[in-house]
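Engineer: According to TrEMBL, the protein has these features:
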DISULFID  Cys14-Cys24  disulfide bond
DISULFID  Cys32-Cys41  disulfide bond
DISULFID  Cys46-Cys56  disulfide bond
DISULFID  Cys64-Cys73  disulfide bond
DOMAIN    10-42  domain 'EGF-like'
DOMAIN    43-74  domain 'EGF-like'
SIGNAL    1-21  signal peptide
Amino acid sequence: MITIWLSFYLLAICSQQCSNGGSCTGPNSCTCTSSWTGSQCETPVCSPQCSNGGNCTAPNSCNCTSLWSGSRCEIPSPIIYSQGFVTGYISGASSQCTAWLTFQSQLISRPYTSMTIKGTNNPTGITLTNSAYVLGLATALRTNTPYGPVYSNGYSWAVGLCGTNYELTATGSVCQCNTGYTLRPCLGGSSWGGINGYTCNASYQTMTVIFR
C-alpha cells in the first residue's frame with residue numbers, strides 16, 4: 001500500500017505550477033476552478049463569453065472595444081463627434097476635419113436608436129429618433145454616399161457632398177448657407193457649418209453629433 005501511494009505522489013507532479021487555485025492532479029495536469037482554464041489554469045473564464053471583439057481579462061470581466069460597453073460588451077457605445085470652431089477660415093486639413101473623418105469611419109452598421117446634433121448655441125440640441133433614418137444617415141456618412149432629405153422630428157435630415165467631402169444637415173438642403181443645423185468640417189474656408197444659426201461665416205462654437 002505504501003508503495004502504491006508513493007508512486008501516485010511521484011507521478012502527480014506539475015513541472016509548471018498550477019495557477020489561480022488550480023490543483024495538480026496528475027503528471028503535468030492541473031484541475032482548475034470554475035473561473036479559470038488552460039494547462040496551468042492561467043486563462044480566465046467569462047460566462048457568457050465577451051461579445052463584439054471584447055477580451056476576457058479576469059473571471060467574468062470583459063475589456064470592451066471603444067464601440068461597445070456592458071458586462072459582456074453587448075451594449076453599443078455612443079459614437080460622438082465634438083469639436084470647437086472659430087469664426088473665419090479653417091483649413092480642409094484641420095484637426096476638426098481629421099476628427100470628422102475618424103467619426104465617419106466609426107459609424108458601423110448596427111442598431112441605432114437616435115442621433116443628436118447640439119452645440120454651444122443649443123446645448124440640448126435636436127434629436128432624430130427614427131431608427132431607420134438614423135441608420136441611413138450613419139451608413140451614408142461612413143460610405144460617403146448621399147442620403148435624404150428625410151423628414152422626421154420636425155427637421156429635414158440629409159447627408160450630401162459639399163466640396164470634396166460629405167456634410168450632415170438638418171436643413172434639408174446640402175451645401176447651402178441655410179440657417180439651422182449643419183456640419184461640414186472638411187469643406188475648408190469659413191463655411192464649416194453651425195448649430196441653431198448661420199451655417200456660413202458662423203461665430204465661435206462647439207458642434208457635437210452623437211449617434212446612439
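From the backbone N, Cα and C atoms, a Cβ is placed for every residue, glycine too.
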Engineer: For Cys32 (disulfide bond), what residues in its own chain, 6 or more apart in sequence, show a Cβ-Cβ distance under 8 Å?
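Structural biologist: Correct list: Cys18, Asn20, Gly21, Gly22, Gly38, Cys41.
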Engineer: I'd like the number of other C-beta atoms within 10 A of the C-beta of Cys46 (disulfide bond), please.
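Structural biologist: If we count other Cβ atoms within 10 Å of Cys46 (disulfide bond), we arrive at 20.
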Engineer: Near Cys64 (disulfide bond), which of the disulfide-bonded residues Cys14, Cys24, Cys46, Cys56 can be found within 10 Å, Cα to Cα?
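Structural biologist: So the list is Cys56.
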Engineer: In the same chain, who gets a Cβ under 8 Å from the domain 'EGF-like' (10-42) while lying at least 6 residues past its ends?
Structural biologist: 59-60
Engineer: Express the distance between the Cα positions of Cys46 (disulfide bond) and Cys73 (disulfide bond) as a whole number of Å.
Structural biologist: 12
Engineer: Counting other Cβ atoms within 10 Å of each residue's Cβ, which of the disulfide-bonded residues Cys24, Cys64 comes out lowest?
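Structural biologist: Minimum Cβ neighbour count within 10 Å, taken over the disulfide-bonded residues Cys24, Cys64, occurs at Cys24.
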Engineer: Please count the residues of the domain 'EGF-like' (10-42) that DSSP assigns to helix (H, G, I), strand (E, B) and coil.
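Structural biologist: Taking each residue of the domain 'EGF-like' (10-42) in turn, the totals are 2 helix, 9 strand, 22 coil.
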Engineer: Within a 10 Å radius of its Cβ, which of these disulfide-bonded residues (Cys41, Cys56) has the fewest neighbouring Cβ atoms?
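Structural biologist: Checked Cys41, Cys56; of these disulfide-bonded residues, fewest Cβ neighbours within 10 Å: Cys56.
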Engineer: Return the residue, from the listed disulfide-bonded residues Cys14, Cys73, with the maximum count of other C-beta atoms within 10 angstroms of its C-beta.
Structural biologist: Cys73
